[in-house]
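Q: From Swiss-Prot, here are the annotated features:
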BINDING   202, 203, 204, 205, 206, 207, 208, 209  ATP binding site
COILED    507-541  coiled coil
COILED    569-589  coiled coil
COILED    612-689  coiled coil
COMPBIAS  1-28  compositional bias 'Low complexity'
COMPBIAS  36-63  compositional bias 'Low complexity'
COMPBIAS  127-139  compositional bias 'Polar residues'
COMPBIAS  414-441  compositional bias 'Low complexity'
DOMAIN    102-493  domain 'Kinesin motor'
REGION    1-139  region 'Disordered'
REGION    413-445  region 'Disordered'
């Protein structure tokens, strides 16, 4: 029995096909300014803001920027459009460097523009699906859809209940409206320095690819986002303070293998950044799928696909041209539910690097646009069955990761899954809750290539928005329920994202300023040392009075009139030169013949090698003794001269007593040196005593040796 329609479920008015003509025809940088003009000039017709019915959709404005559910939004001021972002973004907009919130989840019913194969057609209304034959009366009757939308945040099932999300679009909304709610705020965050991730999730044939890429009549989120990105780049580059680099990569995950969609693209000079590394690639498959790429951990990006082609783009047209090249290589096939079904997960990676021209610092952030393949039932075709199994496996792994990530928050706040009103659906809803609150702390990111690539985004390195596409028809109720369960869990995943760090390029004005400051500090330190040197009248170790006086004269002569650094270097060189001369005198071994006749006789008695070695050793010792004696005599003469002169007290006072102390230390070292040499001589005599006794003995051994 068909229930009586509520006011919110009345048949919507048909929409004019000419409404899509207002959509901008080109996503280039030159034409994207029309988007902001449309936003400023679009004025919706006023209506009663307290009305709870959406039957007024027949009087909606034809502006492509008008939100479908704007009339039911009590926060909108009448007379002008106000694009309201998700609550999680608005609540945390005060924090410029960090973002704290959750994954933004939006629901989009299957668009009417999406065609299907065989007898499946697009959704004709938000409440009714295709007509079916009535056997009793022989006429066609509409089968009512079990899902309907009450406002811009709620989607309701007749038996299960209602689901609330950040935003629920009407079935007749345009891609431009979806872009205004989802993608545009993410581009703003990208320009601020945050990583941003947008992915479409849903069953096959529900409109994911149409939402992300669009068609010839209606642009999708990817071209609209690219246009808005380059428009902001042009505006921020006009003052000359910043410059931007945009690099694109495009990959797909087909049967749990990663392939580069830009590798076989047309070569353009200077556009290719990196050549795929064969070290981390598998060999090309025999079926022409290209070279499989591998995922590796990366300190900067979390994970990185090794060998993925990167193309530098100067305009939105160039970037969209590369995306079109990748789309031609993407795996697409016909299924029971869709004439052109995506058989792989496709991810567009747009890396934006902004450089501050003044200080040379740069910041890189990445926009990830993911068009996931849809879950589907088993089919009779062997190839499609194999593809579907890999797709379902990766989506199951993604659901498991989302479930475990949302477990903590679901325990404290409660699941977003509504309580069923029928006993038949109680077990399914309860199982969903139990899966989301699994006590395990392990997050199985490595169960699939998809979750491995999304690991940095889901673990807090990116702001995430998901667009869950659903089919509200009765025969797709099970798949729609699974999608909404996934969306409910995703809404509970907490995010705490920080801006990407600023990187210094090394040869910028900031480093120059730091170098200048370092040199300035060194100069101040040298000036301070010179000032202390003038006050103390010495530098370093005062070896002699003449050296101190000459050093002071050099500094005095050049300290005021010349460069103070030059005076300091001259003084240091003089001290070092004096030290070097003394060391050379002490270490040089002269070749003066030995004067001790007894030692000479002993040396001649020994074998040639031993005698030569002993003679050389004695020569060195005698040379050192002579040098020490000369040095000691010089110091003694210096002391005697100071004592005899009448300026001894004045000299000592001028040197602050330091020279006397140093001279006394030198005398002590001299005494120790003499004592050490005497000790060495005693050891030598003790060592030579057996040889002398042997020489004086009448034993015939000595005569035989000779």
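In case you wondered, yes, glycine gets a Cβ from its N, Cα and C as well.
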Q: So for residue 203 (ATP binding site), how many other CB atoms are inside 10 Å of its CB?
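A: Cβ-Cβ neighbours of residue 203 (ATP binding site) within 10 Å number 25.
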Q: Give me the non-local Cβ neighbours of residue 209 (ATP binding site): same chain, 6+ apart in sequence, Cβ-Cβ under 8 Å, ordered along the sequence.
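A: Counting only residues 6 or more apart in sequence, the Cβ neighbours of residue 209 (ATP binding site) under 8 Å are 200, 340, 342, 371.
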Q: Taking DSSP three-state, what's residue 207 (ATP binding site) in: helix, strand or coil?
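A: DSSP assigns residue 207 (ATP binding site) to coil.
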Q: Which one of the binding-site residues (204, 206) has its C-beta surrounded by the most other C-beta atoms within 10 angstroms?
A: 206
Q: What is the average pLDDT across the coiled coil (507-541)?
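A: The answer is 71, the mean pLDDT of the model over that range.
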Q: Give the three-state DSSP assignment (helix, strand or coil) for residue 202 (ATP binding site).
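A: The residue in question, residue 202 (ATP binding site), is strand (DSSP, three-state).
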Q: When you measure from the Cβ of residue 208 (ATP binding site), how many other Cβ atoms are you left with inside 10 Å?
A: 26
